[in-house]
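See below for the structure under consideration.
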Amino acid sequence: MSRPGPPKQGGTNGAVRHVVAWIVEGTWPACVDAVRTHAPGDADIVLVHVPEPEVAGAAHGAFAGLLGRGRPARDPGLALSEQATASGEALLAEAAARLARPCTTRQRTGRVEREVVAESDGADLLVLARDGDRTHLGPHSLGPHSRFIVDHAPCAVLLVWPESAPAPDTIPPPPPPPAP
Amino acid sequence: MSNAAAEALSAVLLVLVLGCAVVRPWGLPEAVVAVPAAAVAVATGAISLDHARAEAQQLGPVIGFLAAVLVLAQLCDEEGLFTACGGWMARAAGGSPYRLLGQVFVLASVITAVLSLDATIVLLTPVVFATSARLGARPKPHVYACTHLSNTASLLLPVSNLTNLLALAASGLSFTRFAALMVLPWLAAIGVEYVVLRRFFGTDLAAGANPTGTTERPPLPRFALATVGCTLAGFVVASLVGINPAWAAFAGAAVLAVRALIRRRTTPRALVRAAAVPFLAFVLALGIVVRALVDHGLGSALGHAVPGGTGFPALLALAALAALLANLINNLPAVLVLLPLTAPNGAGAVLAVLLGVNIGPNLTYAGSLATLLWRRIVRAHEAEVDLGEFTRLGAIAVPATLLVAVVALWLSLTVIGG
């Protein structure tokens, strides 16, 4: 029986050598800027994007619901899958240009949250942006995917606000003390 | 042939036809099984020749109408109508996902109503995705809006959905009266969908967008737009003077087809393909097989479950029953079964059935449980699509939309009269 190995986080002597940034439509510039600010100059940087499979899936499903139409080549889900790959590549290229540093771009397919966790296995730092309710500080500022990733990340996580963070007074007041 | 034997044979044939349409063994067109099944029903006397002929006479014009609309939509696409829609959305959205969602709602609703739900699913959805990618916005709310509206926004005109064309033939309503009664339910249903989708996808919409490059301005296909406009006017005029409005659709399709042929943008072969002849044959055959079953027992069995009257509770119950049946197999057989049972109760009852069969398929992502289950079986090895989100959305949107649409229909019937 083998015992669990020592924690991988931190790399050699705690130095950050391998940084993964999750690139998503809308919030990615903040992630790229955070990498520029916080990743050491000699770190390997991977920009990862995962198209949401539900988008092409919804189109596949809508076409399947058209009983009797035949002609599977007209299924718009096929076009959407190809378009999703192409637009993901374009997004990664744009992110790499904004980073203006050597980096690897990678597009993965599958369940978004699990693919990002898998990509950050062995990394020293994962950078992602909050993508929930961004008007208040609090747990709702994380969407379902980022919630899962933060909860399951096998490395250090840098969680950034896509724009300036809300003021601390957006936290709801504490509950009143229990009655004696 | 005894009644019991005829009933059993019709049931077996219907299961076979629908099963093969869902499974599509060896990728064969659905008509390959459906047409022989209808022939067997006629040859064995499961359906009398007179009834088969009556069914064919009722479905024939419907199928012709459908073919014309399919060709019209395809030629509009080739004229660049959908590309122009994409250019307009990208410019008018001004980098805002919220505005893009509003434009998707407007376009998907109008295109579904005028050029049928097939056009929205097959032709508009890829354009909407490409537009959202160009804006750098998350595509999910916009693509889901297309899939939902292809069903919900297909309430307005008889041409919007094959189910409506079938109901028009059965109910005896005129084209314009159908549209007048359905405009309020159509608007109400779209309004509810907008509120639900905007809240449901609040996170994705709030993520914003990062527009890339300049937005092109594709040329507006004025000729195609004018033809579609004239076709719509033709529907109204034909309906008023008592001609079948299918002729207006034929005329519109013919004008665009001749222009495309002269300009060598299409071929006669491509036009025939656009008319989807195997699909038309499938609809006719399915109609005959369903009629055989309705004649031999299903009619009287379901007759007890179909609420009578056209008061608000009866309309709501009819719509709910229709939505339930549509979700079991598909809305096409559901409407074929329910029409003969509800048509004697008047136009209001038929329209309530349409609300159910048109809005109901949004409950599952593949339009029905049968299709959904089959896709899960054959696609088990593929990247798993998370059905939870779509199902949650449907569970919120469908009951809310259906309820509000039935209220609107009841109001329309009260004001205009069935």
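Each residue, glycine too, has its Cβ placed from N, Cα and C.
Bear in mind that the values here come from a model prediction, so they are computed numbers and not experimental data.
Residues annotated as domain 'Citrate transporter-like' in TrEMBL: B:25-344.
Residues or ranges marked as transmembrane segment by TrEMBL: B:31-49 (among others).
Annotation source TrEMBL lists transmembrane segment at B:104-131 (among others).
Residues or ranges marked as transmembrane segment in TrEMBL: B:178-197 (among others). Residues 101-102, 105, 109, 113, 141, 144-145, 148-149, 152-153, 155-158, 164, 168, 171, 347, 351, 354-355, 359, 393, 396-397, 400-401, 404-409, 411-413, 416, 418 of the same chain lie 6 or more positions beyond the ends of the transmembrane segment (B:178-197) yet place their CB under 8 Å from a CB of it.
The feature transmembrane segment is assigned by TrEMBL to B:223-240 (among others). Here the transmembrane segment (B:223-240) has long-range neighbours at 72, 75-76, 79-81, 114-115, 157, 159, 174-177, 247-249, 251-252, 255-256, 259, meaning same-chain residues at least 6 beyond its ends whose C-beta is under 8 angstroms from one of its own.
Taken from TrEMBL, the feature transmembrane segment applies to B:246-262 (among others). Same-chain neighbours of the transmembrane segment (B:246-262): 61, 64-65, 68-69, 71-72, 75-76, 78-79, 159, 223-224, 227-228, 230-231, 234-235, 237-238, 268, 271, counting only residues six or more beyond its ends whose CB sits under 8 Å from a CB of the stretch.
What TrEMBL lists as transmembrane segment is B:274-294 (among others).
Per TrEMBL, transmembrane segment is recorded for B:314-339 (among others).
The transmembrane segment feature in TrEMBL is assigned to B:394-416 (among others). The list of residues near the transmembrane segment (B:394-416) in space but at least 6 beyond its ends in sequence, with Cβ under 8 angstroms from a Cβ of it, reads 148, 152, 155, 177, 180-185, 187-189, 191-193, 196-197, 200, 310, 312, 315-316, 319-320, 323, 347-348, 351-352, 355-356, 359-360, 362-365.
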Two-stretch contact, the transmembrane segment (B:31-49) and the transmembrane segment (B:314-339), at least three Cβ pairs under 8 Å: no
